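Here the structure comes first, spelled out in structure tokens, and everything after it is commentary.
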């Protein structure tokens, strides 16, 4: 239950909430709060299956789905914090679901298999190499 004390809106201990962008920053999902806010605005953050804005309040037990590049994290909020601390404390703020861990492993394997067959040349092609490449392309046409 919230109450007004000396003209300020205060939250009681039983109903503590934190903004989703502050929590994502404190849990070290994003390096800055503005990046967390931008991700929430851009539709990369889902709270309990619903797309959310940066100012949305989170409580303990909420399910948060965060898309960062090719990786998707699905976590359950265990503790609330609006202050950024050490990485070990940040990891204790949430618990990742088993399905999320499994999906991330599969995505990592897919990415490694995709890049496994590609070889990177040791150096840029020289003049002679470029001539050979052009000749090869002309013969292929």
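Note: Cβ is positioned from N, Cα and C throughout, glycine not excepted.
Feature annotations, reproduced from TrEMBL:
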- 18-81: domain 'RNA-binding S4' (DOMAIN)
- 120-141: region 'Disordered' (REGION)
- 132-141: compositional bias 'Basic and acidic residues' (COMPBIAS)
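Sequence-distant contacts of the compositional bias 'Basic and acidic residues' (132-141), counting only residues of its own chain at least 6 positions beyond either end whose CB sits under 8 Å from a CB of the stretch, comprise 125.
The residues of the region 'Disordered' (120-141), classed with DSSP into helix (H, G, I), strand (E, B) and coil, number 14 helix, 0 strand, 8 coil. Each residue in the domain 'RNA-binding S4' (18-81) gets a DSSP state, and the totals come to 16 helix, 22 strand, 26 coil.
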